[in-house]
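Enquirer: Here it is, the structure in full.
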């Protein structure tokens, strides 16, 4: 069997088998259960959640959809960035936040990228960024050299866990944190790359004064179909360029 054909078969099997979403988030020692797509929509009164609703464990494959922002499914009634009814924290700038994903398939290798966007003074519970350029990247891990180790490898080897650090210089306030995995197992053409975004809301404290970089990005809009990190053959031995802006540092 030809290698590419065999790869296609593996992709199909993996696609049928499983994907994933962020199941819970630990902020300042408190574990917050995330949005549960298989049960939360059926409650008369929605449970308190810090994670914005997602359509399930499936991917977003169209870079132009608002669903790319936070994993919604607009056609199915879940808008691209429907606010959560709870905000985690308070948590000090400079702290580390831990996320736990559901089961993640071995075949779905790719980078892990985290963005933040500051909410208005009224908080995040009614804030919908839309197509405004409000997002900045705070973390990104791609392919380690030309190895088979990727940003999402810890999800397969460390109990489906991942963490990020809130920039220590950020000003106090409420933020949306957008955490995503790009699965590249079918990304040798576009459409092909699979996006698994998840957004949660946190209240940050501290004496920092930064609001992130002066130039921010819109989501959707940050990625283009022609970007090197969007179209990529992960089965080839070659470097990988993480798409999007540079990581913000204090």
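Glycine too: its Cβ is placed from the backbone N, Cα and C atoms.
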Enquirer: Looking at the Cu(2+) binding annotation from Swiss-Prot, with 19, 196 already listed, which candidate in 108, 185 is the matching residue?
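Expert: That Cu(2+) site, as Swiss-Prot gives it, pairs 19, 196 with 108.
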Enquirer: Does anything in the same chain, at least 6 positions from residue 19 (Cu(2+) binding site), have a Cβ under 8 Å from its Cβ, and if so what?
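Expert: Listed in sequence order: 57, 58, 59, 105, 108, 194, 196.
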Enquirer: So, in DSSP terms, is residue 196 (Cu(2+) binding site) helix, strand, or coil?
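Expert: In three-state terms, residue 196 (Cu(2+) binding site) counts as strand.
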Enquirer: For a quick check of understanding: among the recorded positions 24, 85, 108, 146, 185, which residue's Cβ has the most other Cβ atoms within 10 Å?
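Expert: Of 24, 85, 108, 146, 185, the one with the most crowded Cβ is 108.
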Enquirer: Find the shortest Cα-Cα separation between residue 146 (N-linked glycosylation site) and the recorded positions 24, 85, 185, and name the residue that gives it.
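Expert: Out of the listed candidates, the nearest Cα belongs to 185.
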